[in-house]
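These notes concern the structure reproduced below.
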C-alpha cells in the first residue's frame, strides 16, 4: 500500500529529529547568554527531594491551589518608582481587571496561535464559551474562522506589538472593544526604575499615546512580579532547572483566565495529533519546532505542568488539542505545607464573586 511521504508517522519522526536539534540549540544559547534577567532562584535538588517526599506528586487540585494561593494578575504598580512620578495612575483604566470582570465567567477558552489548530473545525465550539482569550497579533480573518472562531473577550500581548509599527496596534480592529493585557520582560529582582529605563521593547510611549487616544479602553500593563511568581511555581514543580526567562504569553494567559473562570478550555497549548512544524496558524510555512518545544520560554515544562492539571479526556487532547482546567473560583483552597503563605503583593486582592 502506498504511503504518502508526509504521513503521520513520517511527520512525527521528523518532529523528534527536530527536537534533538532544538535541544542542542537551547544548550548552546544558555551556555553563552547566561542569566539575563538576574534570576536568583536556586533549585536545590536534595532539599527539594526531601521536602517533596511529604507531598509529591501533587494532585490536580493541589497544583491549582499552588497557583491560586500565590499567583494573581497584577497591573503596573503606578504608585511605585518612576510610574508614580509620571502620574501613571491617571493613565490607567478606572477599573482593575477584577473589578471590570467582577462576576467572572462560567466557561472560558484560551486559544493558542499554534498552526496545529488548522483543520480542527473548532470555531463554533470556541465561540460558545462565555469568554475567549487570544494572544498577540492572532488575526480573525474569515479564512480561519471555522477553526478558531471569532469571539474575543481578552487579548494578552507581548510588548513588541506596541513598540513595532508593523503590527498596526493603533489601526487594526482586532485591538478594539476588548480587554487587553500587555507584558514586557523585566528582571526577576523587580527594579521598576531599571525596567522603565531599559524595557525589552520600547513600548511605554506607545502605551501612553494609546491611553490618551482611548481613555475608556481597558488596556493593562502587567506587573512583572506576576509572571515571576508564576515562574517560581513552575520551577518549584519541575524537577529539572527551567530556563531563567519569563513564562510564555500562553502560560501567563492561562493563569489570568484561571483566576476569572469556573472552567477553562485551553486549545493547542498541549498539541493535538495535528502537531505541525509550522509555527502560527496565520503564517506562511516555516520550519520552527521551537514554537512547540520552546527555546527562550521553557514550553516543555509549561505544557507538562498544564497537562498534570487536565480534567478532560485523552481523546480531547489527541483530537482537539484541548485541555480542560478547573478555575480558581470553583475550588476551595486552604493553606498547605507546600504552598507558601500569601505575600504582601497578594493580600488585598479580592476573588471575583461567582455567578
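Heads up, the Cβ atoms here are built off N, Cα and C, so glycines get one too.
Curation does not apply to TrEMBL; its annotations are automatic.
Per TrEMBL, these features apply:
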type: TRANSMEM; residues: 12-32; note: transmembrane segment
type: DISULFID; residues: 108-261; note: disulfide bond
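Taking a C-beta cut-off of under 8 Å and a sequence gap of six or more, residue 261 (disulfide bond) has these contacts in its own chain: 104, 105, 106, 107, 108, 130, 131, 327, 329. Of all the Cβ atoms in the protein chains shown, 26 others lie within 10 Å of the Cβ of residue 108 (disulfide bond).
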